[in-house]
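Taken from TrEMBL, the feature domain 'HTH merR-type' applies to 1-69. Positions annotated as coiled coil by TrEMBL: 81-108.
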Amino acid sequence: MNIGQAARRSGLSTKMIRYYESIGLLKPATRSDSGYRLYQAEDLHSLAFIKRSRDLGFSLEEVGKLLTLWQDRQRASADVKALAMQHIDELNRRIEELMSLRDTLGELVSHCQGDDRPDCPILKDLANGAAGGCCH
């Protein structure tokens, strides 16, 4: 199948398929006599694996490691589990960071009157943060 068909079947864009091939996540496609990329069922399995991994938030580097483990029939499941647990730790860190941002913004919103007055603690906080930054 050509790249357009592979894109439709995998749910990825043709641009992403080319990108994954260029960075080595997907093996180089065979080429037709006219130079078009041709994909096999095995390639679709790899694309589905990559897409699901990315949907779960794994980085491209982690996806590469997971692909290597997936393709290695002698792998230890402990290696896969360790990688997944590291990812869970990173997700938990990001969740905590997002919750802190939400709490901070919620506090600012609770102090804003939200009426016709021009005074707004949200804007004051944003301005104070900008003034204390690197660029004036």
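Cβ coordinates come from backbone N, Cα and C, glycine included.
Bear in mind that TrEMBL entries carry predicted annotations, made automatically and left uncurated.
So that I understand the layout, could you describe where these features sit and how close they are to other parts?
Sequence-distant contacts of the coiled coil (81-108), counting only residues of its own chain at least 6 positions beyond either end whose CB sits under 8 Å from a CB of the stretch, comprise 56-58, 62, 65-66, 69, 121-122, 125.
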Pop the mean pLDDT for the domain 'HTH merR-type' (1-69) in here, whole number is fine.
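PLDDT averaged over the stretch: 97.
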